[in-house]
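If you check TrEMBL, you get these features:
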DOMAIN    45-664  domain 'Major facilitator superfamily (MFS) profile'
DOMAIN    467-522  domain 'Kazal-like'
TRANSMEM  80-104  transmembrane segment
TRANSMEM  110-132  transmembrane segment
TRANSMEM  218-248  transmembrane segment
TRANSMEM  268-292  transmembrane segment
TRANSMEM  352-370  transmembrane segment
TRANSMEM  390-410  transmembrane segment
TRANSMEM  422-442  transmembrane segment
TRANSMEM  546-573  transmembrane segment
TRANSMEM  585-608  transmembrane segment
TRANSMEM  637-660  transmembrane segment
Amino acid sequence: MEISSKEHTHFFSNNTIVPVDQSSFKSESSASKEKQSCCGGIKIFLGALSFAYFAKALSGSYLKSTITQIERRFDIPSSLVGVIDGSFEIGNLLIIILVSYFGAKLHRPRIIGAGCLIMSAGTFLIAMPQFFMGRYRYERFPSTINSTLSLSPCLQEKSQTPLLERSQTKINTGCEKEAGSSMWIYVLLGNLLRGIGETPIQPLGITYIDDYAVEENAALYIGCVQTVAIIGPIFGFLLGSLCAKLYVDIGFVDLDSITISPKDVEWVGAWWLGYLIAGVISVLAGIPFWFLPKHLPKPQSRKDSSTSSEHSKFIIEENKDQRTSYWQQAKLAEMAKEFFPSLKNLFGNPVYILYLCASIIQFNSLIGMVTYKPKYIEQQYGQTSSKTNFVIGLINIPAVAFGIFSGGLIMKKFRIGVLGAAKLSLGSSFFGYLLLLSLFAMGCENSDVAGLTVSYHGAKPMADYEEALFSECNSGCSCSKNDWDPICGENGVTYVSACLAGCQASNGTGKSTVFFNCSCVGTFESSQSSSAVVGPCQKGNECPKMFLYFLIISVITSYTLSVGGTPGYILLLRCIKPHLKSFALGIYTLAIRVLAGIPAPVYFGVAIDTTCLKWGSKRCGGRGACRLYDSSALRYVYLGLTLVLGTVSIFFSVAVLWVLRKRSSPQDETLSANGERGACGTKSRKDNFVNSDRLIQSTYWPEKETRL
């Protein structure tokens, strides 16, 4: 019995110990699984969001790379192209407030997925006009087209005049149908749809990461997303470079019959092809979001945090045990009650308002500069569209990506607070625009174009440009001042057309056509011959060197300006209430779209149009796209407008820094430098956005932020 008793005692003791060990093991195992699930879920979402950013950035940058192609294909001025470009922002304007506010309370991943599908539909719509409008037609003198006709460019013989009149009559008969087709409207509507689809990606995606990522990693994750997003423009511009080399009607016409080359200002590449590719990528980007959960497990470090996720903050902080049930029963009408108080709360924050003003003005300069940068390089330095897009995609965009990533890395490594973020953002803007100032000295002179930039005798014309196209050397020719069919004389001067050059004969067909006995070429002061070839003359010998200098300064400027990107996001998120982050980002994005994204391309385009020297003409009459710009005027308008706007934004950034310093106690500034307390911490003041008398200590990320 004694042995039996001991055995029973030993048996029960084992039974009492084992459950304790198992429960401890299960507790550790569940904690480990929760940690793995949290990390795995946020990383999957991070990958999906990065690909969505890539897709939207690729299609957006591809549109920028095709600005000049669209302008020439639809024969429209830069100001109208600016309206088309701004339609993307109008699409954002339509729904961004609803998406950023109500979307934060709903299933955020699925809303992002639906946006990607809408974005792809808009991208496909942009490409549709190519399949419904006729083949592209460009201006060319009949002798340069493969034909058995042998015409003299200068129609001195009356017997040749009726032939030209019959040809012109034949052209005019097809004008009635063409005049009624404004196919560029489909491009505008497609870009509008792209803007609607892109809306939820930024505000909902960024705040989803901020809610469920570990505090120390949140800023790095956002920096990674923005860096991956920069890869999209790299591929977008490289795709634009590839498509610009291909003729617009490739697959529909015999390429051997094409008499223009990519160096001609009338050349239009296969702009539509890239939109089909971008549309497919957008579809693929939207698929993963349909399989992601509405919520992720919160990191252990945030469970005891003084702040909580947006979904729990939406519910009144009383009755904490019933928050989940309250949220499940909330309706749209109940959400709407908090809209105007939330809006008032945001606009009562001086740091938010000042930073918003600085961003609006800065984005005006940046959006205008980026939109017309391909056109500027083409017109200023005489580069082809293909080479321009290749250079921007392979050199400028990587510099921007490296700058954004560097900003996030600096913030993480040195644990910079809000005050430090404001200083870093201000410094990057100041030195970036200072470098931009040097680009004024890195331009090319105007090409010598007879009757436009120089007279037919070599001096600069004093009379009106249109009237100066005619001279004694071509007075016996029946020429039109509306034509643009440039030829290059052996004297290095470009002539608007072979007729205006007074050429009497031609030899060869297509691109190999050579004109002889050109009376205007022979009268030029430095001329030793009177022949000319098809196409404009190249820019001066100094232009390639200036283009190299421009690229170097442009890369350094792009890097410097982009370093302040991530610190700006940190500043924006840390100085607002945690439950208003999505709403604040939505309002911020809305303001950028409305006050920068929409107007900047339009007024930049209008300003650039004022520098045009020679407008093209539509087949049925009316002004078409610009064929030649005044290089000096274009440089001063393009760079000057960018620099003025950037300078104004710097003043607002200084005001942001001043307010932060004023509202930060000296102790806070010292602690912020050591990464222990954010600079948004303040003394106890009666501000309308203070909810607590105590300062909430901030480690790094805004989920445990101090408040103004």
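Cβ from N, Cα, C; glycine included.
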Short question: which residues 6 or more past the ends of the transmembrane segment (637-660) have a Cβ under 8 Å from it?
350-351, 354-355, 357-359, 361-362, 364-366, 368-369, 372, 376, 418-419, 422-423, 425-426, 429-430, 432-433, 436-437, 439-440, 571, 604, 607-608, 610-611, 679-680
Would you mind splitting the domain 'Kazal-like' (467-522) into helix, strand and coil residue counts from DSSP?
12 helix, 15 strand, 29 coil
Averaged over the domain 'Kazal-like' (467-522), what pLDDT does the prediction give?
81
Any chance you could find the range in 80-104, 110-132, 218-248, 422-442, 546-573 with the most Cβ pairs under 8 Å to the transmembrane segment (390-410)?
218-248
If contact means at least 3 Cβ pairs within less than 8 Å, sequence distance 6 or more, would you call the transmembrane segment (218-248) and the transmembrane segment (546-573) in contact?
yes
Between the transmembrane segment (585-608) and the stretches 80-104, 110-132, 352-370, 422-442, 546-573, work out which stretch tops the count of Cβ pairs under 8 Å.
80-104
With Cβ distances under 8 Å as the criterion, find the stretch in 80-104, 110-132, 268-292, 422-442, 546-573 that has the most pairs with the transmembrane segment (352-370).
546-573
Applying the under-8 angstroms CB criterion, which one of 80-104, 110-132, 422-442, 546-573 scores highest with the transmembrane segment (268-292)?
110-132
